[in-house]
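Colleague: Would you mind keeping the following structure in view while I ask a few things?
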Amino acid sequence: MTNIRKTHPLAKIINNSFIDLPAPSNISAWWNFGSLLGICLILQILTGLFLAMHYTSDTATAFSSVTHICRDVNYGWIIRYMHANGASMFFICLFLHVGRGLYYGSYMYPETWNIGIILLFAVMATAFMGYVLPWGQMSFWGATVITNLLSAIPYIGTSLVEWIWGGFSVDKATLTRFFAFHFILPFIVLALAAVHLLFLHETGSNNPSGIPSDSDKIPFHPYYTIKDILGALFLILALMMLVLFSPDLLGDPDNYIPANPLNTPPHIKPEWYFLFAYAILRSIPNKLGGVLALVFSILVLAIVPLLHTSKQRGMMFRPLSQCLFWLLVADLLTLTWIGGQPVEHPFITIGQLASILYFAILLILMPAISIIENNLLKW
């Protein structure tokens, strides 16, 4: 008799995706982040669901309802901080996942890669709208500044911004619709993640060597299920350390001040995971130019596969490209730091140089170095 997991229509899908899936025998811990992102997403949906049961999306009561969750709801404080810091863990995993893709040439699966870019945009949109919901000072002013960027679009910009706001400023209508979008988007992300997996399973996973591994596959279960569980334990450990010891470490103290349209905070800045893009936005003195650079800072990932000039897939055997990759990582860390600094000398210049370097590495230096490496192979 055939095993039910191989015959039942629903169980068969799960079986072919997580149990009998043929996987390369040499994938490292860098391949753990897909499953960790799945765990992050489910954790965010669950904690978010329980928060939504007590939250009110009204300007008069939003701030108080979050305080009420932390003070009066059973274990409300831990749910709230798990949700807030869960977002940070989500983005840490996202950045490492994308970095892995860049390093090992996983972008050579164009469908999987492009769905991944759409997923990144969707998660960023979700996080931005979630940050507005507590209706603190940084929530309000962050929403005002970021939505205002759309006014840089020629001709329709101003009308578009007022349409998104539902009025002439960020107000009650804006908060209500942001809550609605923040609730629905994670489910869209979930569906996109399923499509992401679907495309990945069409080709199979890449591996650190970048060499096809069809001749050397092992079943996903038990080898990679146990490895994923270990990764999940580390993720939960890191999250709970953050939640229980320093829950406000990554947040902004200004968000504990209720939103006040009459009082602008001295430094308006987004959450840490958007700072690199915010620094790129601020480094261009022109509004439309800044907005385009901001969008392109993520969209540039879509061009990476087209600029792959190397004869090898990954960077495992390409020391020059490796140096360039780690320079890119250092540059992104620099941009993140600059994004949190005030707009004054020397930060302006550092930000501009780091922004130029970011695009130069991805669009010019990487393809050029790859061609040099190809020629070095002939010697």
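The backbone N, Cα and C atoms fix where each Cβ goes, and this holds for glycine too.
From Swiss-Prot, for reference:
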type     : residues      : note
BINDING  : HIS83, HIS182 : heme b b562 binding site
BINDING  : HIS97, HIS196 : heme b b566 binding site
BINDING  : HIS201        : ubiquinone binding site
TRANSMEM : 33-53         : transmembrane segment
TRANSMEM : 77-98         : transmembrane segment
TRANSMEM : 113-133       : transmembrane segment
TRANSMEM : 178-198       : transmembrane segment
TRANSMEM : 226-246       : transmembrane segment
TRANSMEM : 288-308       : transmembrane segment
TRANSMEM : 320-340       : transmembrane segment
TRANSMEM : 347-367       : transmembrane segment
Colleague: Counting only residues 6+ apart in the same chain, whose Cβ is under 8 Å from the Cβ of HIS83 (heme b b562 binding site)?
Modeller: GLN44, THR47, GLY48, LEU51
Colleague: Looking at the stretches 33-53, 113-133, 288-308, 320-340, which one shares the most CB pairs under 8 Å with the transmembrane segment (178-198)?
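Modeller: Ranked by Cβ pairs under 8 Å, first place goes to 113-133.
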Colleague: How many Å lie between the Cα of HIS97 (heme b b566 binding site) and the Cα of HIS182 (heme b b562 binding site)?
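Modeller: The separation of the Cα atoms works out to 23 Å.
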Colleague: Look at each of the binding-site residues, HIS97, HIS182, HIS196, HIS201, and point out the one with the fewest other Cβ atoms around it within 10 Å.
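Modeller: Each of the binding-site residues HIS97, HIS182, HIS196, HIS201 was scored by Cβ atoms within 10 Å; lowest is HIS201.
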Colleague: Rounded to the nearest Å, what's the C-alpha distance separating HIS182 (heme b b562 binding site) and HIS196 (heme b b566 binding site)? Just drop the number here, would you?
Modeller: 21
Colleague: Please give the sequence-distant neighbours of the transmembrane segment (113-133): residues at least 6 beyond its ends with Cβ less than 8 Å from one of its Cβ atoms.
Modeller: 48, 55, 57, 62, 66, 87, 90-91, 94, 98, 101, 106-107, 139-140, 142-143, 146, 174-175, 178-179, 181-182, 185-186, 188-189, 192-193, 195-196, 199, 270-271, 273-274, 298-299, 301-302, 305
Colleague: Please check if the transmembrane segment (33-53) comes into contact with the transmembrane segment (288-308), where contact means 3 or more CB pairs closer than 8 Å and the residues in each pair are separated by 6 or more positions.
Modeller: no
Colleague: Name the range, of those listed as 77-98, 288-308, 347-367, that has the largest tally of Cβ pairs under 8 Å with the transmembrane segment (226-246).
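Modeller: Maximum Cβ contact count belongs to 77-98.
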Colleague: What else in the chain is close to the transmembrane segment (77-98), if you only count residues 6 or more beyond its ends and a Cβ gap under 8 Å?
Modeller: 30, 33-34, 36-37, 40-41, 43-44, 47-48, 50-51, 66, 69-71, 116, 120, 123, 127, 130, 235, 238-239, 242-244, 247, 250-251, 271-273, 301
